[in-house]
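Contents: one structure, followed by commentary.
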Amino acid sequence: MGYAMSRLETESELCDGGKTIPEAGSSKRASNWLNNLDHEIAQVTKLKSSPHKQLAELVPGMHKSSVSTVKMLVGREANYSARGRFSAADRCHMLSRYLPVNGPWLVDQMSTRAYVSQFSADGSLFVAGFQGSYIRIYNVEKGWKVQKNILAKSLRWTVTDTSLSPDQRHLVYASMSPIVHIVDAGSAETESLANVTEFHDGLDFSSGDGGYSFGIFSVKFSTDGRELVAGSNDDSIYVYDLEQNKLSLRILAHTSDVNTVCFADESGHLIFSGSDDNLCKVWDRRCFIAKGKPAGVLTGHLEGITFIDSHGDGRYFISNGKDQTIKLWDIRKMAPNATSYSGLRNYEWDYRWMDYPYEARDLKHPCDQSVATYKGHSVLRTLIRCYFSPVYSTGQKYIYTGSHDSCVYIYDLVTGELVSLLQHHKSPVRDCSWHPYYPMLVSSSWDGDVVKWEFPGNGEAPVPSTKKRIRRRQFD
């Protein structure tokens with residue numbers, strides 16, 4: 001399927017430690033190391049997707065890690081768990097083996113690049129943002145009918161990010177401007193032309209700095225829908241209070257563009273950020289003793305960070321990096337300050353138009369604080385995104401990402417194996433989204449296609465992989 005198995009590198013070596021752990025040479029060895037690693041993430045993942053011990057038992061004292069669907073159903077009918085139903089872990093054990101790899105089937109096709117694509121929290125809606133000022137909200141439960149066709153206001157370059165409020169009533173969109181616009185996503189009007197058919201209120205993140213202008217790369221709603229957090233190319237993090245309709249916080253957070261931000265969990269107290277200064281930072285809003293000082297810094301990427309996704313527990317997150325890796329982090333390993341190390345890069349490189357240097361592919365940061373590293377995909381030309389797979393159906397046992405080589409990669413979180421490679425697109429896949437409940441994944445690409453992958457499929461013929469299209473050069 002294109003690439004061979006990906007490697008997983010587990011690196012628990014600290015800068016001041018004398019222990020050296022050998023590099024992973026195969027996914028089998030990597031699996032053994034992570035299983036033996038005294039780290040909670042491997043055990044948490046197993047607990048969330050392992051069957052009941054009585055269902056897994058073959059003979060007394062012997063257990064099998066994978067139990068067939070038939071045996072799981074028989075065990076439920078026999079009430080082995082004494083609950084009369086599947087536990088959440090039983091459910092994940094069954095559903096996580098049915099990956100959304102069949103297809104794809106075409107959702108939409110535009111004449112411009114797709115930059116953003118995300119399911120709503122309940123999976124009933126899907127949002128896609130395009131470079132040509134268009135944002136579309138599709139009703140998944142009504143045959144992917146376009147529920148809202150939004151023509152963005154005052155767009156600079158492209159729609160850099162969108163976020164749907166938890167109650168699905170409002171959508172915000174950002175571009176290379178300090179103004180984030182908010183749209184009534186629940187109105188009956190299908191065509192939403194800015195200030196023509198509907199108002200797109202502007203939320204000013206510039207805090208009244210006069211002519212000072214900057215662009216926003218990332219914007220996210222808090223889980224209670226009361227705040228927005230944003231990252232910008234003026235090296236800052238912003239928090240906007242929607243109830244008071246004003247900017248509540250600005251942090252000069254990094255020494256380069258802040259490409260990605262997100263809330264760590266439902267509390268809204270912790271914020272994760274990633275930047276072109278190669279650092280991931282953790283911010284605790286409850287203890288800002290010194291303004292602009294993070295709760296901790298995580299070092300390990302050799303190049304800038306393009307995206308961060310939280311595990312949702314306020315402890316773990318993953319980051320995609322321009323060093324062509326995804327890294328898994330535990331914030332308990334963070335340091336109070338960044339470790340400066342300038343001896344790694346002896347080459348000139350710009351990810352916007354150059355391939356990653358061959359001599360840099362095996363470099364490792366000597367003070368890498370990450371729990372694990374996943375390799376195989378390509379992060380070039382644009383801020384490619386990565387995610388944990390859904391809690392409900394998989395127990396977050398997978399990591400998936402878009403890629404510059406036009407594919408979607410799905411890795412096993414524990415073993416690091418490349419479990420699936422989805423191939424259809426003809427240009428970089430910047431974003432992709434796994435349905436929170438069903439075995440369905442949607443990918444969007446710079447070729448303008450938005451397509452869905454399913455298991456087992458919907459009975460329709462998939463999109464032909466040889467269809468003709470206009471090829472465009474990709475520069476961002």
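Keep in mind that glycine also has a Cβ here, set from the backbone N, Cα and C atoms.
Annotated region 'Disordered' per TrEMBL: 1-22, in sequence order. The repeat 'WD' annotation in TrEMBL covers 209-250, 251-284, 298-339, 422-454.
Across the repeat 'WD' (422-454), DSSP assigns 0 helix, 20 strand, 13 coil. Broken down by DSSP into helix, strand and coil, the repeat 'WD' (251-284) contains 0 helix, 19 strand, 15 coil. The repeat 'WD' (209-250): residue composition by secondary structure is 0 helix, 23 strand, 19 coil, according to DSSP.
Summarising model confidence by region, the repeat 'WD' (422-454) averages a pLDDT of 98.
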